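Structure record follows, encoded as structure tokens.
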Amino acid sequence: MTKTLFRTVCFAALLGAGLMASASAGRAADIKVGEINSYSALPAFTEPYRKGWQLAVEEVNANGGINGDKLVVISKDDGGKPGAAITAANELVSRDGVALITGGFLSNVGLAIADFAKQKRVVFVAGEPLTDAMIWSKGNDYTFRLRPSNYMQAAMLAEEAAKLPAKRWATVAPNYEYGQSAVAVFKELLKKARPDVEFVAEQWPPLGKIDGGAVAQALAAANPEAILNVEFGADLVQFVREGTTRGLFKDRSVVSFLTGEPEYLEPLKGEAPEGWIVTGYPWYSIDTPEHNAFKKAYEDKYGEHPYLGSVAGYIELKTVAEILRKAKSTEAEDLIAAAKGLKVDTPFGEITIRAIDHQSTFGSFVGKTAVKDGKGVMVDFTYKDGADYLPSDEEVKKLRPQG
Amino acid sequence: MSLYVVQFLTGLANAASLFLAACGLSVIFGVTRIVNFAHGAFYMLGAYVAFSLTLRLEGVVGFWAGIFLAAIIVAAIGALLEMLLLRRIYQAPELFQLLATFGVTLMVQDIVHMIWGAQDLVGPRAPGLQGAVQVMGLPVPTYDILLIILGPLVLGALWLLMHRTRWGVLVRAATEDRDMVAALGVNQKWLFTGVFTLGIFLAAFGGALQIPRTAVNHLMDLSIIAEVFVVVVIGGLGSITGAFLAAVLIAELNAFGILVLPGISLVLMFLVMAVVLVLRPWGFLGKPVSTDAKTIGETTRPWHPWSPTMAVLVAASVLLAAALPAVLGPYGLSIGAQILIAVIFAMSLQFQMSTGGLDSFGHAAYFGLGAYGAAFAIQWFQLPMELALIVGPLAGLVGALVFGWFCVRLSGVYFAMLTLAFAQITWSIAFQWVEVTGGDNGILGVWPSEWASSPAAFYWLTLAAAVLTVLILRHLVFSPFGYRLRGVRDSSVRAESIGISRQRTQYVAFAISGTAAGLAGALFAFLKGSIFPDALAIPTSIDALVMVLLGGVATVSGSVVGAIVYTMATIWLMSETDLSRLVLGGFIVFLVVAFPQGIVGSLSSFTSGSLERWRGRREASRPVALSAEASR
């Protein structure tokens with residue numbers, strides 16, 4: 001009797017308290033934008049990212065805001081879980097009444113929000129998720145994506161890989177969708193450019209649980225001339241250490257996704273591999289007026305150098321502001337119309353948001369790794385404009401659901 | 001040939017790291033029966049502390065001093081934790097300590113972030129051991145050689161400690177029969193503290209030794225915890241030598257497995273565990289656990305169905321919940337629906353755990369199967385939501401029938417670990433079979449039918465499902481089947497002697513539980529509009545466990561309250577603070593200390609008659625006598 005009474009009271013009290021807490025109203029009169037990212041799950045990437053977009057918001061508001069209105073960003077954590085991201089997106093849209101949603105780091109979180117955006121007819125400007133499905137096979141009218149996709153990075157690396165004499169290739173990639181599609185696209189594009197190459201070995205260690213020694217040894221046993229690496233984070237560190245000690249990289253070319261990003265290269269310090277062909281962000285040696293201005297503002301504000309995440313966050317909110325300015329409205333249809341074909345000035349130069357598939361032409365730096373003063377750096381790099389590494393319009397139309 | 005030798009050595013080195021991380025857990029479980037979820041957290045702490053120390057202390061001596069000092073510092077923290085927190089809850093129902101250590105793990109994650117920052121940290125390599133030696137013409141890192149030697153050394157040292165010292169004799173005696181050791185006048189308190197400290201020392205030492213191999217990072221704790229449980233269980237709980245053999249088996253199978261089947265690492269460990277547990281239910285060197293653990297029936301007053309007054313009150317609260325759409329907006333209602341889904345999920349586990357006495361660590365499997373079942377029904381067969389909501393629970397049922405057939409042959413922690421193995425195998429299929437499940441990118445576009453698409457309509461749908469599930473499961477508890485199930489739980493020997501088959505009864509309960517979890521999963525897919533493998537992953541199973549333990553494992557449906565409190569707390573904290581894990585972990589630890597029987601369990605025993613309270617106190621102050629009686 002009393003047990004159930006208490007249960008009932010608890011039920012009512014807790015439900016009431018929680019829902020009241022969630023019903024408090026948001027601010028008025030500002031232009032509100034919702035932002036979601038994996039802050040608690042992936043702080044190494046999302047902290048620089050947050051600093052980047054906060055800088056952009058500050059600059060936007062210092063320069064007249066959105067046609068005179070103040071830009072306000074409401075930021076939520078998704079804990080690295082798609083389900084939690086949907087809860088956050090719901091809160092932002094239903095309760096806070098944001099004009100659009102932006103953010104995302106993990107591909108699955110990005111896809112979940114993109115599908116939510118389609119269902120609820122809200123615009124979603126994805127910053128960092130890399131999966132090609134986002135704009136192609138699962139693309140929708142409401143979703144835009146900024147960073148160079150898996151396909152684009154693979155195309156940039158395959159172009160460099162085709163120039164190498166190597167014919168026998170081995171691959172190592174984390175065993176999930178990102179790693180699998182990176183390897184698949186790279187293979188396809190390299191084979192197209194160089195029909196004479198063959199892939200002699202592949203390794204698929206689980207994400208975050210690579211068995212570095214065994215993987216390195218297994219790759220070496222196939223005796224490839226070149227290796228494609230898609231490992232990152234702690235897995236990359238272990239792979240590099242074991243591979244170096246076991247002489248895996250001696251006299252072999254290595255082509256590697258993302259390794260040039262300071263997020264991944266910096267922790268390796270003096271143990272950074274040398275001569276790998278990588279995509280990345282050499283913030284220390286880019287010398288363009290746009291980038292210098294960004295770097296100075298960032299360093300002045302935070303007292304540390306920018307990471308690639310910082311640039312992504314900065315460009316993300318700059319783009320969002322431009323969309324809102326151009327649309328002069330917060331209706332989804334107007335925002336979509338404004339975003340299509342929009343040109344935005346960024347620290348990497350001008351980017352365009354393609355009308356055909358909602359992918360931006362944000363590019364990437366491709367260069368070689370080296371060790372300088374006990375630090376891993378990128379040298380001999382060039383900036384590859386994203387526009388040059390996307391398939392033709394006919395192919396895109398086939399890849400993306402039309403109508 | 002030389003490749004195989006080198007690969008074998010690499011496997012041995014990995015086995016040594018695995019063993020060092022795992023043996024502490026085995027020692028702790030053997031004596032204290034605590035399922036120490038925080039083991040991974042201490043492993044990670046060991047690595048972080050060692051990172052900081054080895055940066056400051058230089059040279060060979062400095063490096064090794066740093067490693068040992070780190071393990072000692074972390075062990076001291078572990079001892080403090082045992083004295084301040086765990087000592088208070090040894091009398092709580094089994095597994096409750098799991099909840100406490102889970103809370104600690106959450107807190108450690110945020111604390112590590114605050115102290116060491118967000119970036120991955122790469123520590124120094126061991127001085128003098130950076131290079132490689134040639135073995136049959138192929139290089140083997142010298143650090144690997146060191147690990148290969150260190151593993152058996154630690155094993156030997158532990159063996160000496162256990163067999164040649166008085167303390168070790170007491171520890172082994174306590175592993176065999178805790179109550180007898182206590183009856184002989186050994187101070188259990190200090191024995192437990194000592195064992196826990198030793199276990200944590202080993203965990204931290206294992207973590208610290210990883211510095212020269214990999215980056216110190218935030219995910220170390222969760223990535224190691226499942227592995228060490230697997231190693232300990234395959235080896236046989238409480239057996240250190242068994243853990244060593246298990247580590248060697250797994251590491252070698254992995255080292256050679258990837259030569260043949262490169263994608264094998266993901267499932268290998270859990271496949272091995274499933275096979276070993278099916279063939280040898282107590283692991284390599286484990287002994288059948290004498291069921292001296294108190295069962296729920298012995299520690300609680302008999303359950304009663306609701307009285308008519310109660311039924312009216314429950315009906316009133318359901319009506320109140322049904323009226324919520326009048327006051328709540330779309331966001332509040334979607335949260336309400338999520339809470340109600342959690343209620344179904346938690347109730348499904350509670351039926352299995354509290355009534356059936358079957359503690360599951362892999363309940364996510366049936367939740368995920370339900371969700372994927374519903375998603376497949378929509379995506380492939382274009383079925384409407386109404387049918388998909390039937391397909392989902394059926395998928396959960398089928399999964400439970402298949403896995404349960406193996407699981408109910410076991411009991412206790414071995415049962416729990418086999419459920420975990422099956423959940424992990426299911427997860428890796430969803431994660432890896434991209435053509436069918438979409439892999440990590442999941443299945444999108446699982447939205448409700450038109451009539452249920454408004455937040456209020458979907459809320460009512462979940463409310464109806466939740467009320468029905470709770471009522472049906474409660475009805476089952478008090479049905480003849482429920483009495484059989486509780487009889488089996490409290491004394492399988494007596495139950496079997498009057499003709500009740502333990503396995504068949506528990507198998508049916510397992511299937512019912514899986515079906516209900518499948519319903520929760522199917523509703524979850526429609527609530528979120530998409531489904532991803534993370535619904536099948538370990539954290540989902542842990543969520544369910546936490547909700548049941550929080551509500552009170554010795555109650556019929558306390559998990560309803562546990563689910564409401566826990567789900568609300570997580571959502572609210574995620575939305576409001578960046579330190580959600582620190583706050584949530586602290587909150588759980590607080591609840592554990594304040595309500596050692598779970599929220600509902602503690603409240604109901606608090607409000608029960610003074611006679612019973614007095615009896616309860618007397619029992620608590622004489623745990624030995626009670627246990628002795630119980631194990632008779």
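Quick reminder: no glycine exception, Cβ is built from N, Cα and C everywhere.
TrEMBL lists B:6-29, B:41-57, B:98-116, B:190-212, B:258-279, B:310-343, B:364-381, B:387-406, B:413-434, B:457-477, B:507-527, B:547-575 (among others) with the feature transmembrane segment.
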- Query: Under 8 Å, at least three CB pairs between the transmembrane segment (B:310-343) and the transmembrane segment (B:98-116) (pairs 6 or more apart)?
  - Reply: no
- Task: Report, as numbers and ranges, every residue of the chain located at least six residues beyond the transmembrane segment (B:98-116) whose Cβ falls under 8 Å of a Cβ in that stretch; write 'none' if there are none.
- Result: 34-42, 44-45, 48, 51-52, 81, 85-86, 89, 216, 218, 221, 542, 545-546, 549-550, 579, 581-582, 584-589, 592
- Query: For the transmembrane segment (B:413-434), which partner among B:190-212, B:387-406, B:457-477 gives the most CB pairs under 8 Å?
  - Reply: B:387-406
- Query: Under an 8 Å Cβ to Cβ limit, what residues of the same chain, 6 or more beyond the ends of the transmembrane segment (B:387-406), are close to it?
  - Reply: 274, 277-278, 362, 365-367, 369-378, 418-419, 422, 426, 446, 507, 510-511, 513-519, 521-523, 525-526
- Query: Between B:258-279, B:364-381, B:457-477, B:547-575, who has the most Cβ pairs under 8 Å to the transmembrane segment (B:507-527)?
  - Reply: B:364-381
- Item | Residues of the parent chain within Cβ reach of the transmembrane segment (B:457-477), under 8 Å, 6 or more residues beyond its termini | 303, 305-306, 318, 321-322, 324-325, 333-334, 336-337, 340-341, 343-344, 347-348, 350-351, 355, 448, 451, 486, 512, 516, 519, 523, 526-527, 556-557, 560
